[in-house]
Amino acid sequence: MPSAFQLQCHLVLIFLAASKGETRYLEVRDAGEDDPFLLLSEDLKRELSAGQIYRRSLRCIDMLSIEGQFSFTADQPQLHCATFFIGEPEELITVHYDFVNIDCQGGDFLKVFDGWILKGEKFPSSLDHPLTTSRRYADFCETGSIQRSIRSSQNVAMIFFRIQQPGNGFTVTVKKSSNLFPCNVISQTPSGRFTMVIPHQHRNCSFSIIYPVVIKISDLILGHLNGLFLKKPSAGCAGVGDFVELLGGAGLDPSKMFPLADLCHSFHGSAQMKIGCDNTVLRMVSSGKHVNRVTFEYHQLDLQEAETRKENSIEEFCLPGI
């Protein structure tokens, strides 16, 4: 299993489906088992003094977790490029076009997507995002100077682009703002603690951890009582308007992942599960009738821990794939 440092942020190497006009969607070519991820280094954050603006050039495939001004200039035709942005769970991301020099008429494009797309799967899923899929895209070639700033609905966003003429390119400024009630989140790290609150809102919120983990729920308030109730995945929390579900899988879209357990009632205590899947998601479904809250902590699952069954652990899942 890769180390926690190597997996500070899981990012699959991606390519755009540029042929046949499928420019809205990202595809991932098959990568070897030893080379599927880009690394995100905390060293960049330590390089900056207070008030200093971070600037650097973008690579064709890139990932950033820091504010700053970023530029890309093509030295050759670049057909399949993307940059992923990620913030802390309580942050939103704004991408502002400072300068754009691309040939829209010649087939170039520069688009911002509200969320992430990998292998054609979206986060947040279409079921959980407040906007339709088409409204989650902001195409510079369609809006130009009309919409120069795009803010995400969660702590992740991305741009993807095609630039065919050497010398052409763009510059964007990325800033972060506070989100009082974080809903859909991708964790930057393989361990942490988080409290998700949905205050009288009819919405679904997912917290995605792209690592095999041990996850422990310590507090759950759903507006109704009577302790913890775990149902089998086939049964689910049928007829319950407010619940939390744990999901596991190898993709990015929570709606396409395997349901592992449903928590249908409020409780104070500890419910723990070892999940060896590539991606673990805690998803809260809220009817809007209550103030729902869940507190949980998680850490990366190692081989020794996977082989040790704890008394308060629910059945393990996906462990053979670790």
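Keep in mind that glycine also has a Cβ here, set from the backbone N, Cα and C atoms.
TrEMBL entries are annotated by machine, without manual review.
Annotated disulfide bond per TrEMBL: Cys60-Cys81 (among others), in sequence order. Annotation for Cys60 (disulfide bond): same-chain Cβ neighbours under 8 Å, separated by at least 6 residues, are Phe72, Gln78, His80, Cys81.
Sequence annotations record features per position, and here TrEMBL assigns disulfide bond to Cys104-Cys141 (among others). Residue density at Cys104 (disulfide bond): 14 other Cβ atoms are found within 10 A of its Cβ, drawing on all protein chains shown.
Marked as disulfide bond by TrEMBL: Cys183-Cys205 (among others).
The annotation disulfide bond is assigned in TrEMBL to Cys237-Cys264 (among others).
Taken from TrEMBL, the feature disulfide bond covers Cys277-Cys318 (among others). The number of other Cβ atoms within 10 Å of the Cβ belonging to Cys318 (disulfide bond), over all protein chains shown, comes to 21.
Positions annotated as domain 'Corticotropin-releasing factor binding protein N-terminal' by TrEMBL: 52-177.
Per DSSP, the secondary structure of the domain 'Corticotropin-releasing factor binding protein C-terminal' (185-306) breaks down as 7 helix, 66 strand, 49 coil. Taken from TrEMBL, the feature domain 'Corticotropin-releasing factor binding protein C-terminal' covers 185-306.
Look at TrEMBL and you will find 1-21 tagged as signal peptide.
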The mean pLDDT across the domain 'Corticotropin-releasing factor binding protein C-terminal' (185-306) is 85
I'd like the per-state residue tally for the domain 'Corticotropin-releasing factor binding protein N-terminal' (52-177) from DSSP, helix first, then strand, then coil. 10 helix, 67 strand, 49 coil
Ten-angstrom check, please: count other Cβ atoms within 10 Å of the Cβ of Cys205 (disulfide bond), all chains counted. 24
Based on Cβ atoms within 10 Å, give me the single least packed residue among the disulfide-bonded residues Cys81, Cys141, Cys183, Cys264, Cys277. Cys141
Where the distance is taken from Cα to Cα, which of the disulfide-bonded residues Cys104, Cys141, Cys264, Cys318 turns out closest to Cys183 (disulfide bond)? Cys264
Measuring CA to CA, name the entry from the disulfide-bonded residues Cys104, Cys141, Cys205, Cys277, Cys318 that ends up nearest Cys264 (disulfide bond). Cys205
